[in-house]
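Report on the structure given below.
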Amino acid sequence: MDFQPSILRDGSPMESLEKQLLCPICLEMFSKPVVILPCQHNLCRKCANDIFQAANPYWQSRGSSIISGGRFRCPTCRHEVLLDRHGVYGLQRNLLVENIIDIYKQEFSSRPLKKGEHPMCKEHEDERINIYCVTCEVPTCSMCKVFGAHKDCEVAPLQSIFQGQKSELNNCISMLVAGNDRIQTIISQLEDSCRSTEENSEAAKQELCARFDAFAALLEEKKTELLGRITREQEDKTGFVQGLIHKYKEQLEKSSRLVETAIQAMEETGGAAFLMNAKQLIKTIVEASKGGRLEKIEQGYENMDAFTVSLEHLADAVRALDFEPDEEDEFYEEVEEDTGDTEPERVVAGRAIPLCTSISSITVEPPQTGDDGGLMKSHSLPSPSAAPQ
């Protein structure tokens, strides 16, 4: 029982005490036995059993073979009370409250009855309200029935109406408490659903990031491969051209030496000396001129435009990426097709695009091989199954 210091300060301590001894279910003074809940609030055992039965409609009485317990919520603080197979009979009795009730009733019965302690009739101030007008649905006094406004009405004993309405109110309270428990259960389920939604969303985000990271890694790998092919083609071409440059430099150096020798021979003044070397020198120059033809590169040899990659179809595939539709969406689309609807075609949400297949569709056109053999041979990209995992 919750003790309130206002009991000691109140002008009517017995009335304040009576308020503390009221059951929150039946709104009457606790009837023994009084049980105490784990949250330290008290209930009549009968009231506790009523709300327990309302919250656990399939729980059977003590005499059945059912051994499972149940639960209900404290009507004061909404604390959840877990019970074993004994139900409310397993709750501890609050003997202190029961003793206080006994002392209060004993003290109350010994006091003289005061006029203000019982409702009095407004029409007949000296008459207590002791009957109930069934026709007008209001409590009244005997004088009102005999001489007053209710003389033609149907009346009933106050106690019988009192017990009936109290029982009805008790049932309403039980239904309300049971309804609150069901609402609390729904709230718990919704909270669990919200929590699961957040967890599933986080997992979906992580999986999506992992897939896009793998896709980005595959793109980077393919870019490195294609750059390597361009580099090898560049090295082959520049190597071939550098070789030609070296050969042309050797021929130039040899030709320069022959020119110097020929100039020296031209400076010879003696005819005999000139004629001794001139014929052989002329023959050497003619042979060097005939045999000095080297390889040449074709026009456009330095062009690298053939190494161009078209990514438009891949970009379209990436733009078309979406989440996979569930079975209900697929079924709905099949029904639309069967009914022959002529609505405009729409993109299905979730149409999966195989990422590896999109990458493997990239093709590179190598340049034509020249007669000089200095160009790179044609190569094709590896298939998705051959790509490193």
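Cβ coordinates come from backbone N, Cα and C, glycine included.
TrEMBL entries are annotated by machine, without manual review.
Quantities reported herein were computed from a predicted structural model and do not represent experimental measurements.
What TrEMBL says about this protein:
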COILED    180-269  coiled coil
COMPBIAS  380-389  compositional bias 'Polar residues'
DOMAIN    23-78  domain 'RING-type'
DOMAIN    116-158  domain 'B box-type'
DOMAIN    266-324  domain 'COS'
REGION    360-389  region 'Disordered'
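The residues of the domain 'COS' (266-324), classed with DSSP into helix (H, G, I), strand (E, B) and coil, number 29 helix, 0 strand, 30 coil. For the domain 'B box-type' (116-158), the DSSP counts in helix, strand and coil order read 8 helix, 11 strand, 24 coil. Within the model, the domain 'COS' (266-324) carries an average pLDDT of 82.
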